[in-house]
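First comes the structure, then the notes that go with it.
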Amino acid sequence: MPGFVSVKTPPDTPSLRISVPDTPPVSNHRTPSPLTNKQPSPSSSRSTNGKKKLQPESPTATQCPPDSSLDNPDLGPFLLKLARDTIASGDGPNKALDYAIRASKSFERCAVDGEPSLDLAMSLHVLAAIYCSLGRFEEAVPVLEQAIQVPDIGRGTDHALAAFSGHMQLGDTYSMVGQIERSIGCYEEGLKIQIEALGETDPRVGETCRYLSEAHVQAMQFDRAEELCKKTLEIHHAHSEPASLEEAADRRLMALICEAKGDYEQALEHLVLASMAMVANGQDSEVAAIDVSIGNIYMSLARFDEAVFSYQKALTVFKASKGDNHPLVASVFIRLADLYHRTGKLRESRSYCENAMRIYSKPVPGTSPEEIAGGLTGVSAIYESVGEAEEALKLLQKAMKMLEDKPGQQSTIAGIEARMGVMFYMVGRYEDARIAFESAISKLRATGERKSAFFGVVLNQMGLACVQLFKIDEAVELFEEARGILEQECGNCHQDTIGVYSNLAATYDAMGRVDDAIEILESVLKLREEKLGIANPDFEDEKRRLAALLKEAGRTRNRKAKSLENLIDPNSRKTKKETTKKWSSLGFRI
């Protein structure tokens, strides 16, 4: 079977290195890191269901030989070999691109009518991989869309796996440009094809399930992620030795999913089992990384002494194996800084922050911008929590600048901008907050995350900023969109959803839509009385607001809406402390 090429070479790599194996790779062992930078998929390819054909000729096509020479059936394999040799020698991607384009054209011309050519599919995969290595992702997409149409799945396993590789490679390409939903759609289609070709229990299917589970975690779709990860564990349990590296990787991912869903005890159990497997396989650095995760769980459970012990164990190993100035050491410093801040030991917290910043200010060779940006974001969260908003903002701006030219980082940048918006809002810089939220929302829409709960919360926050700027019509539109998303993703009993209900009621009241405001508040009170309980301090406030609206319903309203005053932060009428207390349940959590 012809080989297919791996896809992810950063666009700024000085010399191109792309591996073109003789058979499609189906398994890459990875340590799960689904919330940061994803690694290449289990196959070296990806896809969607587009109908586009190969894009118009690029400038390199002018170097193609005369049309008649492309009809030579020996030319395609020769040019593809030249492309591979050029890649291997590091002569430069542009020459390899020229050879790959010409090879694809030759294979296309020499294909027998009605007979799908796997050589053509292979050359298109190579061509798309080179485009990706050059950062030309938009040009890679139609090439892969054509490649997916070439194999005939009904002709056997070779064709099915070629189609699988194409879908997976296209999914990676969409992921690199931040199109998460499209990416996941391609992965799901690829998994379906792979299962039909190999069966549900093949180890290669397990690798794909785990990779797809990581993608769902990145998209915060934890139920589907858990389903896929359980399937991966079952497959590896059937085919691997007990306490295998594959099982350890699966359990680390499952622990991450359980932690995200708030099931800390289950997460801790998976991490302990993963650690035991890594110890059995002599993977000391991986054991240390798991110790950090265990420390995070202990901190979530307020078991601070055990968390410190886990962090210090990891710190000792990282310093011994990586050096005192490695970013992994800095990452543990940040966790310790957060822990000591939570326990009121502010001097120790600041000391660890400064130690982390010392490492990030002079990173060791090989440290990626993504690592540094993630560290700066972590330190900024601690500065924010101690009231040093300006310093926190500087760190976030620096992190965002480091990521802005990196492919696949649009969602991360949107998250940073949303955090900046929250900080601007808290210090009363409402116009800056609105601009930051607007930019974040624009990026999230572009990356296909417009249906996530995170997106709904950011819409709500931007609505609050608009209220402070008296842009009431815009605020209503944002609150209404947020309501629809959060009802779908979280349910109507979730605190974020109820917060949007309350904001929307206040804004409707401000616009004179009293009946709509009354309807929403009655619904909220009913939810609290029947399902959530009335102990929440917001219950009495909502009850008073509803009583006031009912009393004045039908009258001419010649005053500013009372409900809106609960949202606006007037220095003259309310203290900041009162406003914060009243609306703290609506705060944005990142």
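Glycine too: its Cβ is placed from the backbone N, Cα and C atoms.
Please treat TrEMBL annotations as automatic predictions, because they have not gone through curation.
Summarising the annotation, TrEMBL assigns compositional bias 'Polar residues' to 25-48, 57-71. Annotation source TrEMBL lists region 'Disordered' at 1-75, 561-590. The repeat 'TPR' annotation in TrEMBL covers 288-321, 373-406, 498-531.
Non-local neighbours of the repeat 'TPR' (373-406) in the same chain are 36, 327, 330-331, 334, 337-338, 341, 346, 349, 353, 356-357, 359-360, 412-413, 416-417, 419-420, 423-424, 426-427; each lies 6+ residues outside the stretch with a CB under 8 Å from one of its CB atoms. Counting residue by residue with DSSP, the repeat 'TPR' (498-531) contains 31 helix, 0 strand, 3 coil.
In the predicted model, residues of the repeat 'TPR' (373-406) average a pLDDT of 91. DSSP states for the repeat 'TPR' (288-321), grouped as helix (H, G, I), strand (E, B) and coil, give 31 helix, 0 strand, 3 coil.
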